[in-house]
Amino acid sequence: MASPTPPHCSIASTKPYQPPQPQRVPVNSSSSSSSRNAPPRNPSLPSLGPDFRGKRSTRFVSKMHFNRPRPAVHGGGGGASAGFNRAARHTSAAEEALQHVIRGRDDDEGGLERLLSGFERRLSGSEDYLFILRELGNRGELSKALRCFEFAVRRERGATEKGKLASAAISVLGRLGRADLARRVFEAARTEGYGNTVYAFSALISAYGRSGMSEEAIAVFEEMKGAARLRPNLVTYNAVIDACGKGGVGFDRAVEMFEEMTRDGVRPDRITFNSLLAVCSREGFWEDARRMFDEMVHRGIDRDIFTYNTLLDAVCKGGQVDLALEVMSEMSERNVWPNVVTYSTVIDGYAKAGRLEEALSLFNEMKQLGIRLDRVSYNTLISIYSRLGRFEEALGVVSEMEGSGIKKDIVTYNALLGGYGKQGRYDAIKYLFEDLKAESITPNLLTYSTLIDGYAKGGLYKEAMDIFKEFKEAGLKADVVLYSALIDALCKNGLVESAVALLDEMTREGIQPNVVTYNTIIDAFGKSATFQFQTDGSNVADGSRVIDEVGKEEVRDKEETNQVMKIFGQLVIEKGQPSVEDVKRQSQELLSILGLFHKMHELEIKPNVVTFSAILNACSRCNSFEDASTLLEELRLFDNQVYGVAHGLLMGSKEKTWVQAQALFDEVKRMDSATASAFYNALTDMLWHFGQRRGAQQVVLEGKRRQVWENVWCDSCLDLHLMSSGAAQAMVHAWLLEIRSIIFEGHELPKLMSILTGWGKHSKVAGDSTLRRSIAALLEGMGAPFHVAKFNLGRFVSPGSVVTAWLRGSGTLNVLILHDDRTISEREFDPGQDLCAFPS
């Protein structure tokens, strides 16, 4: 089975490639200005104040952990463990003995002892044994490393030398992920009287940290200070801070350790700050990572490639990809040259932000600099091409990767499966899944989630059911991703109540929903025809029959499995059967949505801009203004700023609300284009639905001014592809008024005028898209002389001369100018004063 792809922050070259300095826009400021530009820190987190600042460089190199490659044996000290001088000297006899040990049979215990006994007179004490022990650990030779330790410790008489060997053995076992064995060696050494040292304790803390056992690491740290009465040194503090991050204890606890360290008079070094940066990176605290970086500058501690790569990882996880480019420019200015990890991290950040073309540009720059791609960068590139639907290029990268000696792994397959699934290429999905298993690669949870999501969205519920069965047989436990995929499939088929029921089951299973799960259900509220799901009616009986027919066996697994299988059966039989009680059920769904809001509050799930868009979409599909007002009141609980703008515009208070709206739009502009346009669409749809036509047009023109929709119009064409129904209708009025002004200024229109809507290629019936239908009705209602193009169902056209004649007509202006159907209520609206910040 292919090894899993390691995280970006755990890969670092021991000798970074040094290409010519990239020609980038230089950073506007040095480290001091970067502090100035960093946003205010979360007040709930411990601060690193000026009391901790001081100047001291460090002699330590940041390769104590994070799975960095160890140097080969060419003399002069191998990979070292925590607490030892890496410049330890060894003899050529130690190198010769090591080669014999490596070539020896692993199951010949007596053979290793005989071999070392033969070299005993030539070996120069503990330093030679330490070298052999560490190098065996670097090569993963656990059994031989332990036997070497046992042999060496019997030969040494002094407690100090035995203590060094014990600490090295503990560290080696920790690096190999055997914290249990490290603890046994530690206890044995203490019992024998040579293990009660700072170095042994530090090595054991590091061993627990590497295994993600942070609580155990902290317990050893407290034992060291308490019962053992030893004073932690720099290596100890570095180990426990690193353990805090790797074990998920969190940034707060890591900073507490840092503050304790400084109070004890132990000066931090580069390893300390690299570990703190890694904690920030894992939790996405990019502001704190930047602040930690600046603290290094104030202390005069040099930054290495790992420092910059970890900072970049935190910045990209925080979505600040433009800042990441500034950091890369700063690296070059400091003569720290970006390597494959640097580029892979930033490219992945751009890809996750949806800026795929920019990510590809960075790949080209990386190749131009002569930096070779590794597994992570190849998989990232494959994922980008797959998401863009450019599968020929994606498969070309796969071939290039295999040609460079890197085999496909589960990450490669998951990227391709996700891309083909979104494109509806189910034949390719089936082939890839079979090929994956033929390559002896074990599917993981993401693989099954991707397949179920793809098949369910395509309406292939039998295939989704088969994958779910295989998933259960593999013994894997469903997670939030898989449940969210099932919930999304239900929602897209109008089964909102079933989705809510599955959400309840999900929480009972101890799996906490995330904001994406809730966004899916909220957005599904009333979005399409609702389907009846009766837990005690005939439909379930029919569903059971479908399960028997499709599955060809009775499901006798857990209640969770039964519920999911019933859902698949329900999807098969109820596909396309709308309920006849839409009004009644919409009222019931309104109560369900309100219940979802309260659950989000109870679970302290922070909403995002997608949540707000989903709530606004739900408002625009309410039959009554009162229902929409109820939803908006719930929105107030999430974010008072969004509530103030939405409710103010809905009530017709445009002038009073517009200042707040501008601030809100500034925040939305920082989002990726798809998310920003979705928010504008949702807000405009709500205003249009409830008769605030002028407000809707004001919002849509603001979106155009801010380039939310790129290239939306020119003198000859209006492109509405990315716009919702309400936004598009408001834009049509604005565009035609603009065209009319051009005519009355004495200019001629182009020979052919076009309005593009798209023809509904994902609809069940070609040409049957909601947007196309609404624009067709609008044009017909205003008497506009546009008709459907002969060879393009989604394009409305008209000769420029005909449009000119129509726009010059005496009654046309009154048709084009929008009027509000709703005015502000008698009670003066006040959206509130203390507005919250818009969450990113």
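Placement of Cβ uses the backbone N, Cα and C atoms for every residue, glycine included.
Source: prediction; values computed, not measured.
As recorded in TrEMBL, the features of this protein are as follows:
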type     : residues : note
REGION   : 1-54     : region 'Disordered'
COMPBIAS : 24-47    : compositional bias 'Low complexity'
REPEAT   : 197-227  : repeat 'PPR'
REPEAT   : 233-268  : repeat 'PPR'
REPEAT   : 269-303  : repeat 'PPR'
REPEAT   : 304-338  : repeat 'PPR'
REPEAT   : 339-373  : repeat 'PPR'
REPEAT   : 374-408  : repeat 'PPR'
REPEAT   : 409-443  : repeat 'PPR'
REPEAT   : 444-478  : repeat 'PPR'
REPEAT   : 479-513  : repeat 'PPR'
REPEAT   : 608-642  : repeat 'PPR'
DOMAIN   : 718-807  : domain 'Smr'
| message | Could you give me three numbers for the repeat 'PPR' (304-338), the DSSP helix, strand and coil residue counts? | response | 26 helix, 0 strand, 9 coil
| Excluding the flanking five residues on each side, which residues at least 6 beyond the ends of the repeat 'PPR' (197-227) place their CB within less than 8 Å of a CB in that stretch? | 64-65, 81-84, 163-164, 166-168, 170-171, 173-175, 177-179, 182-183, 186, 189-190, 233, 235-236, 239-240, 242-244, 246-249, 253
| remark: DSSP composition of the repeat 'PPR' (608-642), residue counts helix/strand/coil, works out to 29 helix, 0 strand, 6 coil
| query | Do you know the mean pLDDT across the repeat 'PPR' (479-513)? | reply | 77
| task | Would you mind listing the long-range same-chain contacts of the repeat 'PPR' (409-443), meaning Cβ under 8 Å and 6+ residues beyond its ends? | result | 1-5, 375, 378-379, 382-383, 385-387, 389, 391, 394, 398, 401, 450-451, 453-455, 457-458, 460, 463, 474
